[in-house]
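Q: Please find one structure pasted underneath; my questions will follow.
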Amino acid sequence: MNVLLMGPPGAGKGTQAEMLVSRFAIPHISTGDMFRAAIKNETELGRKAKAFMDAGQLVPDEVTIGIVRERLAQDDCRQGFLLDGFPRTVPQADALEETLKELGLELDAVIDIHVPRERLIERLTGRRICRQCGATYHVLFNPPPTEGLCGKCGGELYQRSDDSRETAENRLDVYTRQTQPLIEYYEAKGRYKRIDGEQDMAAVFKDICAALGRDAE
């Protein structure tokens, strides 16, 4: 089962990735993890990637693709994998297709967890942190006993600047610009599956498994 998992910030993609990896015993392959491993192991591509990152530059596609290829060629991917955070552009998707073909693999499905924009903004802007003890709350999912006050120490709760509505809007705008061409790309290949991410975690997971033709339990 070779799956690409997509979803905007706030869609719960990380949670679903953990559940899929646990249920089907496949490796979770994220771009960040791949870069960190390649740099730690001091592979040739890892050294190249580190040089660009240290200079504050984007890592070129050819280096990224090379690191992805090295990871997908490892033995633990022969029985399936969950790809997360790559590809981000159509040229990267084309390169991934070619890489998978060379390795005798192919994507079985592209799962996109969809949540309406306003709901995503509610999720992204709902975090509150205690100024005194650092406890974290969420106004929707884990509200404090008393609004604005920490339930542990009574300290004042505040919203971090990177949890503001403006920041959330910008993050979602960037994501939409990046991924819309990818959605059309995978729709044309007949692999795209859109999942309703407004449901509870278990229902979302069940729908993902159904889209993959697998049992959730």
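Even glycines carry a Cβ here, placed using N, Cα and C.
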Q: Which of these, ARG117, ARG127, ARG214, does Swiss-Prot list as part of the ATP site with GLY10, ALA11, GLY12, LYS13, GLY14, THR15, THR136, TYR137, GLN199?
A: ARG127
Q: Tally of helix, strand and coil residues over the region 'LID' (126-163) according to DSSP?
A: 3 helix, 13 strand, 22 coil
Q: Among all the protein chains here, how many other CB atoms are within 10 A of the CB of ARG127 (ATP binding site)?
A: 19
Q: Can you give the mean pLDDT for the region 'LID' (126-163), rounded to a whole number?
A: 96
Q: Listed AMP-binding residues THR31, ARG36, GLN57, LEU58, VAL59, GLY85, PHE86, PRO87, ARG88, GLN92, ARG160, ARG171 - what's their greatest C-alpha to C-alpha distance in Å?
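A: Farthest-apart Cα atoms in THR31, ARG36, GLN57, LEU58, VAL59, GLY85, PHE86, PRO87, ARG88, GLN92, ARG160, ARG171 are separated by 34 Å.
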Q: Once the DSSP letters are reduced so that anything not helix or strand counts as coil, what is GLY14 (ATP binding site)?
A: helix
